[in-house]
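K.L.:
Supplied in structure tokens, the structure appears directly below.
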């Protein structure tokens with residue numbers, strides 16, 4: 001009898017201890033959740049362990065039963081859909097593969113790219129046509145503008161690295177495992193569990209704005225270059241923009257970018273040749289360089305616009321997660337980011353400085369407009385060709401984001417699917433694509449100011465995607481692994497990026513209002 005009583009008392013004490021332990025753990029987890037930092041629960045740990053097992057199987061050669069890409073003509077199996085290319089989330093709430101393919105149905109692994117090829121892609125993104133606006137930034141920023149070209153390169157390189165760090169989590173053995181696949185996945189993980197889709201929506205909106213604004217800038221710069229190449233023609237810049245858009249209407253019929261990608265290397269090489277020609281012309285006038293015009297003070301009203309121009313010229317964070325995931329050696333990503341941004345910093349700084357020294361206060365928004373008429377037409381025609389061939393890339397990316405968000409969201413879309421059963425584009429879906437092309441034309445016609453639009457885009461979305469969001473996500477997802485100097489850098493970048501974004505946005509809008517009020521064309 002005594003033994004039975006002792007046994008009952010022991011069981012009650014044990015149950016009480018377990019209850020207290022669970023309640024205390026729940027309270028601690030609740031506190032951390034309210035503070036915004038995730039505390040690992042048993043369910044989360046179980047889901048994370050399952051992710052580790054999947055990653056181990058993948059590294060052993062097993063492949064998950066996931067969606068095949070559109071280029072391979074695959075289609076979705078099972079119910080629902082996947083947002084982007086996400087496979088699973090750390091919290092175990094993301095879509096999970098239903099099964100593993102059998103040995104007989106394993107497909108060949110997609111070819112990976114080398115670090116040099118990845119570096120070439122990053123170089124294409126940060127050394128594009130928008131370098132032509134950097135001398136205009138030096139006009140209003142002087143030596144501080146040159147410093148910002150260096151500073152922006154350092155910060156964008158750092159935020160690119162920490163953005164990739166947010167794709168990984170450590171498993172029980174201390175090994176980093178890739179548990180996220182895209183910028184949207186990172187944003188959703190930061191907003192979970194209360195708002196699991198909010199972060200992805202914010203990133204998608206920012207991406208759409210930046211991509212569409214990039215398309216608008218291509219139309220604006222095409223009209224600007226053609227107008228200044230043939231000033232004797234009775235054709236206005238707006239009319240040239242209409243002509244350029246007419247050549248871009250076939251973009252609405254694009255199903256993939258295979259046809260366009262064939263010209264990308266040629267366009268990039270042509271752009272480098274053009275940059276060399278401009279620098280060579282500037283060097284030929286080195287005796288006339290106006291060093292005294294490079295000032296240490298800044299134009300307070302227009303310098304924030306220059307900040308947006310510089311930031312926009314470095315934007316590449318949108319596609320970095322996909323790029324790193326397709327590298328043969330992801331461990332070389334950091335090294336690749338460093339040498340590409342160092343090269344970009346040196347080339348941009350030299351190009352902006354020598355161009356400004358050559359034309360000083362006469363520097364125009366698009367620097368090739370300063371060239372003599374004898375070579376301006378040839379150089380501008382090459383640039384127009386590059387702009388028109390570059391337009392389909394951001395256009396197709398914007399269309400994909402819109403279609404996946406609004407028309408193909410796994411049964412949760414706001415509108416019906418714009419594709420038929422056989423994969424053909426419906427008539428009204430084609431109309432929407434044509435409408436997007438026409439929208440870029442209307443914006444280019446009514447707001448034909450290259451530098452102001454570039455500064456507005458850099459301040460609105462460039463600073464957010466390159467400065468604010470990566471530092472915020474890094475603090476949220478990697479808080480337990482950060483050293484004090486990492487926290488300091490992230491907070492400093494967030495504060496500086498926020499100030500630059502707000503000031504640049506305000507002054508860009510003021511500049512556009514002033515341009516409309518006084519009918520300023522350049």
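Using N, Cα and C of the backbone, Cβ positions are placed for all residues, glycine too.
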K.L.:
Looking at the candidate ranges 242-262, 263-283, report the one that TrEMBL labels transmembrane segment.
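P.N.:
Matching range for transmembrane segment: 263-283.
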K.L.:
Check each of the ranges 322-340, 341-359 against TrEMBL and return the one annotated as transmembrane segment.
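P.N.:
Among 322-340, 341-359, the range TrEMBL annotates as transmembrane segment is 341-359.
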K.L.:
Per TrEMBL, which of 119-143, 144-168 is transmembrane segment?
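P.N.:
Spelled out, TrEMBL records transmembrane segment over residues 144-168, not the other listed ranges.
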K.L.:
Quickly jot the same-chain residues contacting the transmembrane segment (303-320) by Cβ under 8 Å, restricted to those at least six beyond its ends, or write none.
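P.N.:
For the transmembrane segment (303-320), the nonlocal Cβ contacts are 121-122, 125-126, 128, 130-131, 133-134, 136-141, 144-145, 148-149, 152-153, 156, 159-160, 163-164, 183, 207, 210, 341, 344, 348, 451-452, 454-459, 462-463, 465-467, 470, 500, 503-508, 511.
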K.L.:
Give the one range among 144-168, 379-402, 430-447 whose Cβ atoms make the most pairs under 8 Å with those of the transmembrane segment (341-359).
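P.N.:
It is 144-168, which has the most Cβ pairs under 8 Å.
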K.L.:
Go through 202-227, 430-447, 453-475, 487-509 and flag the stretch with the largest number of C-beta pairs under 8 Å relative to the transmembrane segment (144-168).
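P.N.:
Most Cβ pairs under 8 Å with the transmembrane segment (144-168) come from 453-475.
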K.L.:
With contact taken as 3 or more Cβ pairs under 8 angstroms (pairs 6 or more apart in sequence), are the transmembrane segment (202-227) and the transmembrane segment (453-475) in contact?
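P.N.:
Counting Cβ pairs under 8 Å, at least 3, so yes.
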K.L.:
So what's near the transmembrane segment (487-509) in sequence-distant terms, Cβ-Cβ under 8 Å and 6+ beyond its ends?
P.N.:
155, 158-159, 162, 301-302, 304-305, 307-308, 311, 452, 455-456, 458-460, 463-464, 466-468, 471-472, 474-475
K.L.:
Taking a Cβ cut-off under 8 Å, which residues six or more beyond the ends of the transmembrane segment (379-402) line up next to it in the same chain?
P.N.:
128-129, 132, 204, 207-208, 211-212, 214-215, 218-219, 221-222, 225-226, 228-229, 244, 247-248, 251, 254, 257, 260, 263-264, 267, 270-271, 273-274, 277-278, 368, 371, 433, 436-437, 440
